[in-house]
Structure formats: C-alpha cells, structure tokens
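Read through the structure below, which is laid out as structure tokens, and then see the notes.
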C-alpha cells in the first residue's frame with residue numbers, strides 16, 4: 001500500500017482508511033452504514049437461516065427441515081424474525097463501526113497491516129458477543145419448534161428469564177452459551193476483516209464492476225469463516241435451545257452430547273453445511289456489497305459538498 005494505486009479497490013481503501021486523525025464524521029458514519037447493510041441482508045436471507053437452524057437442532061436433512069416448517073404452517077415461517085433482524089442490525093452497527101474506530105486507533109496514519117486488521121476485528125467481535133448474545137438466545141428459543149407451546153412469544157421467554165434472579169438471568173437466561181459465542185464471534189470477525197480488503201483489492205485490479213469485488217470478497221470470507229467455525233455454531237444453537245433450571249448441561253457436557261448424538265462423526269456435525277455455504281455466501285456477499293455501495297455514495301456526496 002506504499003505506492004499510489006488508482007484501482008477501484010485502492011481508491012476505496014484510501015477513502016475509508018486515510019482520513020486524518022481530526023476528522024471524526026466518517027468514522028461515526030461507519031456505524032450507520034453497517035446497520036443498513038446488515039438489516040437488508042438479514043431480511044432477504046432469513047428463510048435460509050431458519051432451515052439451517054432446524055438442521056442444527058434436529059440433525060435432519062434439508063427436506064426434513066422444510067417438511068417441519070411446512071407442517072407448522074406459513075404463519076410460523078417468519079416466527080422469530082424480529083430478534084435476528086434487530087440483533088443483526090445492531091451487529092452491523094457494532095461490527096463495522098467498532099472495527100473502523102479500533103483500526104484507526106491502532107494505526108491512525110495507516111497503512112493498516114494484517115496484524116492491525118486482525119486485532120481490530122477480534123476486539124470488535126468481543127464487543128459484538130457481549131452486546132448481542134441475549135438477542136441470539138431469545139431467537140434460538142423462538143425458532144425451536146419444540147418450544148412453541150410453552151413459549152409462544154418473545155415476552156413469554158423474557159418473563160421466564162426474569163424469574164431466575166440476577167445470576168440466573170445471566171448464566172441460565174440471556175447469556176446461556178456465552179463462551180462459545182465469544183470464541184465464534186471474535187475469531188469470525190478477525191478472519192472476515194483480515195482478508196476482506198485484500199481479496200476485494202485484488203479483484204478490483206481486474207477492472208470488474210465495483211459491486212463484483214465486494215460481493216465475491218464477502219461471499220468467500222463468509223463461507224470460509226462459517227465452515228471453519230461451524231462446530232461452534234452448532235454448539236451455540238444446541239446450548240441456547242435449552243431453557244429452565246432443570247437439565248441445563250455445562251459447556252463440556254453440551255459439547256459431549258452434541259458429539260454423541262451426531263454418532264461421533266464429523267460429517268454429521270456438519271449436517272446442514274450445504275445451506276450454510278449458501279446462506280453465508282449470500283448474506284456476507286450482500287452485506288459487503290451493500291456496505292461498499294453505501295460507502296461509495298456517502299463519500300461521493302462528501303466530495304461534492306467539499
């Protein structure tokens with residue numbers, strides 16, 4: 001990044017990471033851009049996510065997961081969308097905004113090395129896990145078909161959690177499964193931000209339309225990251241589907257149970273992997289492309305005003 005390069009990727013990199021330390025407006029704007037891009041991609045890909053969740057919980061094929069949803073009826077197909085819609089919007093706000101702020105704190109003048117991007121991504125993932133674990137917890141209970149009769153609404157779940165007492169609300173309620181969430185989010189964010197820009201910049205040199213490098217970069221990063229961390233994703237889904245004081249297994253017991261119920265076979269843990277690839281490719285491809293598009297438009301407006 002030493003020599004000037006006028007390829008689209010390097011141009012965008014200059015816009016977003018070469019601001020002087022005194023300019024705060026662009027960094028604060030990163031929070032809004034992250035919120036919008038995550039909101040849009042989450043709404044569009046929620047049906048895929050729900051099928052994947054059923055596979056993670058019941059270890060069934062795609063056809064069986066679709067059959068379950070069909071039997072429950074179309075009125076329940078979007079059941080549970082509000083927690084992920086809200087949480088993913090907040091996730092985008094925190095993930096992109098916090099990452100941008102941390103990156104500029106670690107390296108105010110640039111250029112930003114792989115180590116800077118990794119550290120900023122890791123820390124933004126930690127912030128994301130602390131802030132959003134309660135949303136994911138409620139979402140996973142709502143999407144478990146076995147809990148529909150006992151917990152028909154979000155309010156009924158919150159009422160249950162709030163009856164536990166202070167420590168119970170955290171450990172058994174809102175932050176159930178927190179440690180695998182923390183590990184998954186921090187590593188996932190570090191991987192995504194470490195390689196997103198290098199892949200996008202490399203593709204931009206080929207003279208492709210602006211949206212193609214961003215879409216491909218997000219898709220490749222999202223797919224690889226989710227496949228690497230998929231066992232943690234399944235563990236979180238299973239841990240957070242438990243509710244109540246009784247038979248609440250520990251982290252190790254939950255991991256052992258997941259391994260045993262999958263017949264001690266890795267490929268059964270990865271049941272649903274095909275849809276994970278599709279969901280991750282579409283979600284992170286859309287998120288990255290939308291974020292890149294909004295970033296360019298915002299910068300263009302800023303240049304016109306200046």
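Glycine is no exception: its Cβ is also placed from the backbone N, Cα and C atoms.
Curation plays no part in TrEMBL annotations; they are all automatic predictions.
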Of the ranges 1-21, 22-42, which one does TrEMBL list as region 'Disordered'?
1-21
To which of the residue ranges 146-168, 215-237, 238-260 does TrEMBL assign the term transmembrane segment?
215-237
Can you dig out which of the ranges 101-119, 120-138, 177-195 TrEMBL describes as transmembrane segment?
177-195
Cβ under 8 Å, sequence separation of at least 6 from the ends of the transmembrane segment (177-195): give me the contacting residues as numbers and ranges.
95, 99, 114, 117-126, 128-130, 133, 136-137, 217, 221-222, 224-226, 228-229, 232-233, 235-236, 239-240, 251, 254, 284
According to DSSP, how is the repeat 'Solcar' (112-202) divided among helix, strand and coil residues?
76 helix, 0 strand, 15 coil
